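*Asks:* What follows is a structure written as structure tokens; I'll ask about it next.
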2 protein chains.
Amino acid sequence: MKLTILGCHSATPTASTHPTAQILEIKGHLFLIDCGEGTQMQLRKYRVNFSRIRHIFISHLHGDHFFGLPGLISTFLLLGREAELHIYGPKGIKQAILLLLKLGKAYTNYPLYFHELEENTPQVIYEDDKVTVETIPLKHRVYTNGFLFKEKLEDRKLDVNAARNLNIDLSYYNKIKQGFDVKNKDGKLISNKDITFDPPAPKSYAFCSDTEYNPEMVPQIEGATVLYHESTFLDEHYHLAEKTKHSTAKEAAVIARKGEVGTLILGHYSGRYGKLELFRKEALEIFDNVELAEDGKSFQF
Amino acid sequence: MKLTILGCHSATPTASTHPTAQILEIKGHLFLIDCGEGTQMQLRKYRVNFSRIRHIFISHLHGDHFFGLPGLISTFLLLGREAELHIYGPKGIKQAILLLLKLGKAYTNYPLYFHELEENTPQVIYEDDKVTVETIPLKHRVYTNGFLFKEKLEDRKLDVNAARNLNIDLSYYNKIKQGFDVKNKDGKLISNKDITFDPPAPKSYAFCSDTEYNPEMVPQIEGATVLYHESTFLDEHYHLAEKTKHSTAKEAAVIARKGEVGTLILGHYSGRYGKLELFRKEALEIFDNVELAEDGKSFQF
């Protein structure tokens, strides 16, 4: 699982700070999470093979999470894309994108599917044999979802040498990977645990931005490998966080501690602070494993 | 008159090439012409005092000329703008912007006026005591206008010393600036040309992008101080220019020569060519005074 931060700053972008967008590589997928203005330039800058993106998840329809989407969709068109593209986002996103395309007489030449979200409880919005994606309902000034990306538990790993030594027929190998005990060629029952290894523990990534402090999400993100939680403000400005329905670094850390996640990544910083390290310092007082998102930075889990 | 190119590349932006946007400083105005994705970042990068922008002119509703507008309007909101903002662009622009603002519950706190264009003949769309702005109807795949920015002829400059020496009463000074002959205190008629200097010749800037080769614009741009004319392709790809309703550098130069403009600036380059100098070289075979637009470059006239 690899996470690349394309942008992690709040509100008004500048020449050097970009609004929210992330690429999550998970089980062969390249998922794009949010798409602030300039995301397509950032994808090129960090040499992401972005034609591989087939699923885009939009948390909410504030410009700094969404205004890069029309341009990216148009660029796919100009580059002659043929593969399907799926957009998951709040109700209204389809109307907006289709209106912009229509005004430019720029109908897509590839299949473009919208999956509009309007529920206030967690929903599985994508599933295949290797991963699931669920919404995490957040509390912000407009309808907003975080997203929980979960690997599925893989089959058990076959210990080929042990299976051979124990004289097991090849035709049983798939059954063994599924966890069954089997009989060998001599009719002896072989315990599954003697011929398999545990598969790697499934990993998960929870993306939570933008939101006010919202402990209701804790049961859902519990034990996540990585939690990205917005920290627009420091504790000294908690009243601004309350007013604008954002979180402080301290609040993000409390969520991480309650959820016993592996790593907390902070982001969505207000531009008012000089050093990002201040956010990490504040969160470290509550939670041990804190990383700072930075534009262009990658995390491997 | 100062022109700053924020972006001058066609179609799909990259990390280093930006879509169309320009700032024209003329008679105290800061006019923004087109607003491709990332324009607000370019405004910051080139340290344009962009709160001074009160008029934005959008040529057409293709993304590379327009997708930066929602973000800029939202940024003005977040920065607490109070001054009026006027948007001039094709019919449909108001519906698109208002829908995007509504989805983000981001109603503006400053007066935002839309001036939607749908005529196919030149129209004066802005006028004050110092400048006029006219549409230049262009021929492209969607409804498109160029814009002609013209300084008005200023009053004549008073030669104060001559007026004093000729014993003219102060109360006549305004009348003299307007070009009248006046009598002095001794009752003698003084010729206006003996007590005034010519005002500077009014300058003009014609912005023409995107368009196919369109000699119909020539009478309107005739004698312009500067013509910016798109040159998406080189002559070797004139069939692509025809097909996509764009121009070649050669065609841009033919328009400049027919219109006897002062300087031709080329831009809106396709990404397929290695060196921009190829565009200049091609145009110089037809027209003498050719400049190349480049992102971040300024021209003073």
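Yeah, the Cβs are placed from backbone N, Cα and C, and that goes for glycine too.
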*Asks:* Can you match one of A:Asp128, A:Asp129, A:Asp198, A:Asp210 to the Zn(2+) 2 site that TrEMBL gives for A:Asp64, A:His65, A:His268?
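*Replies:* That Zn(2+) 2 site, as TrEMBL gives it, pairs A:Asp64, A:His65, A:His268 with A:Asp210.
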*Asks:* Under DSSP, is A:His65 (Zn(2+) 2 binding site) part of a helix or a strand, or is it coil?
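*Replies:* For A:His65 (Zn(2+) 2 binding site) - judged by DSSP and reduced to three states - the answer is helix.
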*Asks:* Cβ under 8 Å from chain B: which of the binding-site residues A:His65, A:His140, A:His268 qualify?
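*Replies:* Checking chain B against the binding-site residues, no residue falls within range (Cβ-Cβ under 8 Å).
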*Asks:* CB neighbours of A:Asp210 (Zn(2+) 1 binding site) within 10 A?
*Replies:* 26
*Asks:* So around the Zn(2+) 1 site, A:His60, A:His62, A:His140, A:Asp210 aside, which residues have their CB within 8 A of the centroid of those CB atoms?
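*Replies:* Other same-chain residues with Cβ inside the cutoff are A:Ser59, A:Leu61, A:His65, A:Leu138, A:Arg141, A:Val142, A:Thr144, A:Ser209, A:Thr211, A:Lys245.
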*Asks:* Could you measure between A:His60 (Zn(2+) 1 binding site) and A:His268 (Zn(2+) 2 binding site) for me? Cα positions, answer in whole angstrom.
*Replies:* 14
*Asks:* Quick one: pull the CA-CA distance for A:His62 (Zn(2+) 1 binding site) versus A:His268 (Zn(2+) 2 binding site), whole Å only.
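*Replies:* On Cα coordinates alone, these residues lie 13 Å apart.
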*Asks:* What's the CA-CA gap between A:His140 (Zn(2+) 1 binding site) and A:His65 (Zn(2+) 2 binding site) in angstrom, rounded?
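*Replies:* Distance between the two Cα atoms comes out at 13 Å.
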*Asks:* Cα-Cα separation of A:His65 (Zn(2+) 2 binding site) and A:Asp210 (Zn(2+) 1 binding site), in Å?
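*Replies:* Between the Cα atoms of A:His65 (Zn(2+) 2 binding site) and A:Asp210 (Zn(2+) 1 binding site), the distance comes to 9 Å.
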